[in-house]
Amino acid sequence: MNTLFMHCRPGFEGEVCSEISDHAACLDVAGYAKARPDTACAEFICTEADGAERLMNGQRFDALIFPRQWARGMFLELPETDRISVILAQLSAFPACGSLWLEVVDTNDGKELSNFCKKFEAPLRKALMQAGKLVDDPRKPRLLLTFKSGREVFLGLADADNSAMWPMGIPRLKFPREAPSRSTLKLEEAWHHFIPRDQWDERLSGDMTGVDLGAAPGGWTYQLVRRGMLVTAIDNGPMAESLMDTGLVQHLMADGFTYKPRHPVDWMVCDIVEKPARNAALLETWLGEGLCREAVVNLKLPMKQRYAEVRRLLDRIEEGFQARGVRVSIGCKQLYHDREEVTCHLRRLDVAKAATK
């Protein structure tokens, strides 16, 4: 099991290869990354048998930017019939697992395999349980089968608490009909990724205040209002009337890059389409000057050297806070609902909660 298999957004295979190669080098795991363009997946081939396991044990999955999901294991060719027997034979060297996910890559060809996986899962699950390879124990590793076709599958393992929270890393979020734009799903997914669900009532509570920079028509504002927050929406464009009618939104016609609140707020969110360095500077200003406690900001990516640019900006942000003597946590992820962008979440660790509304 010396191969680390990773899912990603189509077109970002090179970024996954660059990122995982950096982490492997830091952990002294020898190997090489490979991928084909627009296949929505990449591999890191370790030269040592335990390399993939050491890499996964030494790296938190939720700290990775571009991979959506990962698993260590091997590829297996399947016959046209009796696939289950072949899979069971190969799994003899695998430990018993506590859960089973059947996955496909995020391409048109991959999506065509979804129905096959749905039909195949029940008999496979039954066979695995009868063989003692699948038990009801969340502490045990997760068995991940990624089907490249009906004749090829990647048999993989991952710790349930150190891998994606959804199959393939794709959230099943429902678009709210009353939301003004589909961008609302980006912020909802960001909260799922960056904030543990059992902390939502504390960190996304109805007695908080927020600012949405570049708010119109209000996709991100909607998520704040949905949590009951009092929101200041900054944009020269019009806001959705449905949001204004809630009485929770104050709309100010102003420049999102120059606006500053009179009093600190709990949340700042921003999805302005601008050069990533300008949006990154907003994070430094708002968190560094204590204007907010937490922030979610999208960084639009350049056409080339995307991982290198994101890494450079994150390093600059971290160095800036260190120079200020400000303690923050920094997270960054290319979410499923992101396109040519990544989403950053920052949280100050040394300021009190803003005054309640």
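Keep in mind that glycine also has a Cβ here, set from the backbone N, Cα and C atoms.
When secondary structure is read from DSSP and collapsed to three states, Ser183 (S-adenosyl-L-methionine binding site) falls in the coil class. The feature S-adenosyl-L-methionine binding site is assigned by Swiss-Prot to Ser183, Ala216, Pro217, Gly218, Gly219, Asp235, Asp255, Asp271.
Residues or ranges marked as active site, proton acceptor in Swiss-Prot: Lys300. Look at Lys300 (active site, proton acceptor): DSSP puts it in a strand.
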Lowest local Cβ density among Pro217, Gly218, Gly219, which the record lists as binding-site residues, within 10 Å: Pro217
Secondary-structure category, per DSSP, in which Asp271 (S-adenosyl-L-methionine binding site) falls: coil
Asp271 (S-adenosyl-L-methionine binding site) and Lys300 (active site, proton acceptor), Cα-Cα, nearest whole angstrom: 9
